[in-house]
Amino acid sequence: MTKPVCVLLFFFKALDIDRWNLECEFNNLDHRTDLNGADRLIVRRGQPFSISLYLRSGSYQPGVSTLDCVAETGPQPSEQYGTRASFGLSANIDTSRWSAAVLSPPGDMVALSICSAPDAPIGRYTLTLGQAGRIEFILLFNPWCSADVVYMDSEANLAEYVLAQDGIIFQGDYRYPVPIPWNFGQFESGILDICLKLLDMNPKCLRNPGKDCSGRRNPIYVSRVLSAMVNCNDDKGVLWGRWPENDEGYKGGVNPLLWKGSVEILRNWEKQACAPVRFGQCWVFAAVCCSVSRALGIPCRVITNYLSAHDTNNNLVIERRIDENGDLIRSREMIWNYHCWVESWMTRPDLKPGFDGWQASDPTPQEKSENIYCCGPVPVRAIKDGELTFKYDAPFVFAEVNADVITFMKKKDGSTSEVMNTTAVGQKISTKRVGSDDREDITHLYKYPEGSNEERETFKKANHQNKLLHQQGDHGLHLTIKVSSDMRKGCDFDVFAVVTNNTQSEKKCRLVFGSCALSYNGFLGGSCGFKDLLNVELPPGAERRVPLRLNYSKYGSQLTEHNLIRLAAVLFDYATNEATLATRNIVLENPQIIVRILGEPKENRKLAAEITLKNPLPEPLEACCFSIEGNKKKKIDVYINISTLASTVGPGEDAKAKVYFTPTRSGLRKLVVNFDSDKLCNVKGYRNVIIGK
């Protein structure tokens, strides 16, 4: 006799959803996107977020209730490209893929946890919940998630390189780095939307949106797109580059030195229907790129390389020509007094092991890469080790910090001869130190110590034979330039050419010592002082210091906006007909802007700041104006242009102004101040303000 069989039938039933709550305030805080606001859902990939579902009928029953979810991004979502994912309810969240799980007990309110894949493309998403409808959210890179390729394991570094909206960019000279405050403003209202629009406007997206959106899973791809889109040379990019040597100046746009942050630039680009904002130079390109990277969740920092080479033919050699006065003859191959780019943090699974971490990208349009004006990302470690075959653009970045410099003199009779020269590129590579406004020297990340065995091996690997050859040999006559300790704009001061005879015989020489105004990217202006000594006699072992007086009455009208002067000394040895060149760039110090906070800074309490600048020039200043910027979204509610000060500010007198503002959040913030006048321009200062609760 057959035994009876008991059959259990399970009927699965889809959740009947009436409405939902995206819990934006909680989720955004948990995903560290709360500074974007709480009016919409912004989450990071590979990390669960929770939404509340309210059922129209029935209740959630474990093992019985079902919910089909579909996440999509881009105009042409497809599972092939990874821009579409279908998934249902699981017992638990799986953070390695798209998944969903219910966290609440049975009932008519369902706490639904959802997690994206840690390699999902970033961007705008729609999430379809069964037949109930769609929710929208934005997905960003997640450097707090160990499964994300942008993962960074230091909270202090994450606070600096992702969350910090203020920063410092270094300008000036490698002997005198000048810190410039910058408002990155990546959490300002509307900035994230502009950053996503920037990705959508790139030519790769316009040609093949599906493939481009798929590529947004990869920070290598995104960083390369940003490198191209921050400049406008090939596309509808953000910034139009213009440099001081342009005959039109900055007519029709803004002098790059007047920008104090990225927010106004990005907003202007959007308002102008993606027409480029005029104008940018290297630190502006780099700062905007840093703002966009941080907004998207890629850890990023701005780098300054002093004496940065621009190699146009990939031979790792900068060939310069001078006349008999030591003045440079214009050429495409230049040595910039400083040049800025960005580093972004990510792994490089496309390369052999050992090259994860900081990757250099350069959004300033200098040379084309794959027929587009972009550069990088390339591992900083690859530059240090001379791995010039690594993607992307390793030879160009290697040359920026390592190129050899060969100088030829063009004589009046038309002949040329090589000049002994000690110029070394890639000095004091700098960035802002984590948690402070101090400068961090990161030269050691790009280069081995000069003269070390590791450096020689790197040059051999990079086939940098010129550098090896020019490291050898010591010449009998030595020429250097020394400067005074106090070189402030408005002062008269001396600089010195120091000639040393290291031979055993007496030397008779001619010394030409000149100075001229200089732009930061290496172009020369007018003369600031000149001296030509036909008979310089040096006994064996002797040293002679030859002064050159630089008077404000001469250099004041010649200075460019960067306050730079190039000093050049040429020593001709009558006995050997050899010439030795020494150069040095100096930056004249601007006066300090003093910002004094009046009262105790507290949330939602009106606060005053008194701003003072002393006129250092021996002549009066007219049309004086302070402008001030703070971050409206985060801590200080102020975007104010103070109108022109009424009175003339005489020599040694103070320009003063007072501004009122109301801090809206507690914490540390920078108040950035700029001073302009007819004779003293683009003077920057800042004050860190701690706002109490």
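Each Cβ is built from the backbone N, Cα and C atoms, and glycine gets one as well.
Please treat TrEMBL annotations as automatic predictions, because they have not gone through curation.
Annotated domain 'Transglutaminase-like' per TrEMBL: 274-365, in sequence order. Positions annotated as active site by TrEMBL: Cys282, His339, Asp362. Under the heading Ca(2+) binding site, TrEMBL lists Asn402, Asp404, Glu450, Glu455.
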Specify the nearest of the active-site residues Cys282, His339, Asp362 to Asp404 (Ca(2+) binding site), where nearness means the distance between Cα atoms.
His339
In sequence order, the recorded positions (His339, Asp362, Asn402) whose C-alpha falls within 10 A of Cys282 (active site)
His339, Asp362
State the Cα to Cα distance, in Å, between Asp362 (active site) and Asn402 (Ca(2+) binding site), rounded to an integer.
16
Which of His339, Asn402, Glu455, the listed recorded positions, has fewest other Cβ atoms within 10 Å
Glu455
Sort out the sequence-distant neighbours of Glu450 (Ca(2+) binding site) for me: same chain, 6+ apart, CB within less than 8 Å of its CB, listed by position.
Ala424
Cβ neighbour count within 10 Å of Asp362 (active site)
31
Taking only the Cα atoms, work out how far Asn402 (Ca(2+) binding site) lies from His339 (active site), in Å, as a whole number.
14
If you draw a 10 Å sphere on the Cβ of Cys282 (active site), how many other Cβ atoms land inside?
28
Compute the C-alpha separation of Glu455 (Ca(2+) binding site) from His339 (active site), stating it in Å without decimals.
23
Please give me the CB contact count at 10 A for Asp404 (Ca(2+) binding site), counting all chains in the structure.
24
DSSP-derived helix, strand and coil totals, residue by residue, for the domain 'Transglutaminase-like' (274-365):
15 helix, 41 strand, 36 coil
